[in-house]
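See structure below.
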Amino acid sequence: MVKIGVLGLQGAVREHVKSVEASGAEAVVVKRIEQLEEIDGLILPGGESTTMRRLIDKYAFMEPLRTFAKSGKPMFGTCAGMILLAKTLIGYEEAHIGAMDITVERNAFGRQKDSFEAALSIKGVGEDFVGVFIRAPYVVNVADDVEVLSMHGERMVAVRQGPFLAASFHPELTDDHRVTAYFVEMVKEAKMKKVV
């Protein structure tokens, strides 16, 4: 069984743990840097990206997270997690982890009162997935090797680049675990390749 960590500094941690377990993997809440060595994949949950960055800096997680990304182990960023994974952020000079060759705009759909749900078609996952958008970012631009998995209107809301997956929405806030299951499969495949 693969072991998937959920970065436990802030955000919808408990919901991600439940979704990972429902998808047949072991879930671990990561609160210490050394735990990164024990896991096969990592979820960066939604939350408030500036608060999350402050906590990442406070607990000296940034370099270990970048090292984890370079190791080739899969990472999945949802909402604020997408912002953490992006190489370029509109209106900000420096990236956070910067593992995905994507450009992201923060709070692109508006503030909290503009939160909404939308039925999405997601490549590799299926139709009618309810995306919960809360002060959501979206992807403005992608490199050639980034696969766009889902659009909402004209906006890219789910993308994949090799071992990295990012979504504007919160897949963990519904009882539909298909997006998490897709990530669990990514982690299983990556682990199999390491064994071979």
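A Cβ is built for glycine as well, from the same backbone N, Cα and C atoms used for every other residue.
Annotated in Swiss-Prot:
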| type | residues | note |
| --- | --- | --- |
| ACT_SITE | Cys79 | active site, nucleophile |
| ACT_SITE | His170 | active site, charge relay system |
| ACT_SITE | Glu172 | active site, charge relay system |
| BINDING | Gly47, Glu48, Ser49, Arg106, Ile134, Arg135 | L-glutamine binding site |
For the C-alpha pair, I'd like the distance in angstrom between Gly47 (L-glutamine binding site) and His170 (active site, charge relay system), rounded off. 10
The record lists Gly47, Glu48, Ser49, Arg106, Ile134, Arg135 as binding L-glutamine. What's the largest Cα to Cα distance among them, in Å, rounded to a whole number? 12
Using the alpha carbons only, what distance in Å do you get between Arg106 (L-glutamine binding site) and Cys79 (active site, nucleophile) once rounded? 9
Hey, which of the recorded positions Glu48, Glu172 is the loneliest by Cβ count within 10 Å? Glu48
What is the Cβ neighbour count of Gly47 (L-glutamine binding site) at a 10 Å cut-off, with all protein chains included? 21
Among the recorded positions listed here, Cys79, Ile134, whose Cβ has the fewest other Cβ atoms inside 10 Å? Ile134
Neighbours of Cys79 (active site, nucleophile) among recorded positions Ser49, Arg135, His170, Glu172 (C-alpha cutoff 10 angstroms), in sequence order, are Ser49, Arg135, His170
Out of the binding-site residues Glu48, Ser49, Ile134, Arg135, give me the one sitting nearest to Glu172 (active site, charge relay system) by CA distance. Ile134
Fill in the CA-CA distance, Ile134 (L-glutamine binding site) to His170 (active site, charge relay system), as an integer in Å. 8
Including all protein chains shown, what's the count of other C-beta atoms within 10 A of the C-beta of Arg135 (L-glutamine binding site)? 19
Would you kindly give the Cα-Cα distance separating His170 (active site, charge relay system) and Glu48 (L-glutamine binding site), rounded to the nearest Å? 13
Going along the chain, which residues six or more apart from His170 (active site, charge relay system) have their CB under 8 A from its CB? Ala12, Glu15, Gly46, Thr78, Cys79, Gly131, Val132, Phe133, Ile134
Could you check the binding-site residues Ser49, Arg106 and say which one's CB has the most other CB atoms within 10 Å? Ser49
